[in-house]
């Protein structure tokens with residue numbers, strides 16, 4: 001399964017392009033622009049599992065830096081600042097990683 005099986009390729013392209021400048025990433029706007037906010041809880045979980053590259057059941061900080069590439073392979077990496085801000089927004093229990101429920105909450109709050 002690929003991201004375009006769940007989300008519109010044109011929406012992904014526009015969203016990735018909107019945040020092409022370093023330190024411009026806004027997860028709330030991004031999740032809305034790619035159409036993730038409108039998806040079912042099941043589809044949000046499928047996206048989480050695609051972003052969890054090492055299949056640990058969590059998105060760790062190193063994976064989080066590549067989150068845009070999870071949507072589009074030619075997208076940029078997040079800056080260290082953006083990665084830390086996204087982790088702070090998503091890591092509700094403070095364990096240094098984002099679980100599937102935390103990711104679902106992060107998307108729902110956007």
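Each residue, glycine too, has its Cβ placed from N, Cα and C.
Per Swiss-Prot, the features are as follows:
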- 2: N-acetylserine (MOD_RES)
- 2: phosphoserine (MOD_RES)
- 24: phosphoserine (MOD_RES)
- 39-74: domain 'EF-hand 1' (DOMAIN)
- 52, 54, 56, 58, 60, 63: Ca(2+) 1 binding site (BINDING)
- 78-110: domain 'EF-hand 2' (DOMAIN)
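Its Cβ placed at the centre, residue 2 (N-acetylserine) has 8 other Cβ atoms within 10 Å. Take the binding-site residues 52, 54, 60, 63: by the count of other Cβ atoms within 10 Å of each Cβ, the lowest one is 54.
The domain 'EF-hand 1' (39-74) scores a mean pLDDT of 97 in the predicted structure. Long-range Cβ neighbours of residue 58 (Ca(2+) 1 binding site) (same chain, at least 6 residues apart, Cβ-Cβ under 8 Å): 52, 97, 98, 99. Neighbours of the Ca(2+) 1 site: apart from 52, 54, 56, 58, 60, 63, residues of the same chain with C-beta atoms within 8 angstroms of the site's C-beta centroid are 53, 55, 57, 59, 97. For residue 24 (phosphoserine), the nearest of the recorded positions by C-alpha distance turns out to be 63; the candidates were 2, 54, 63.
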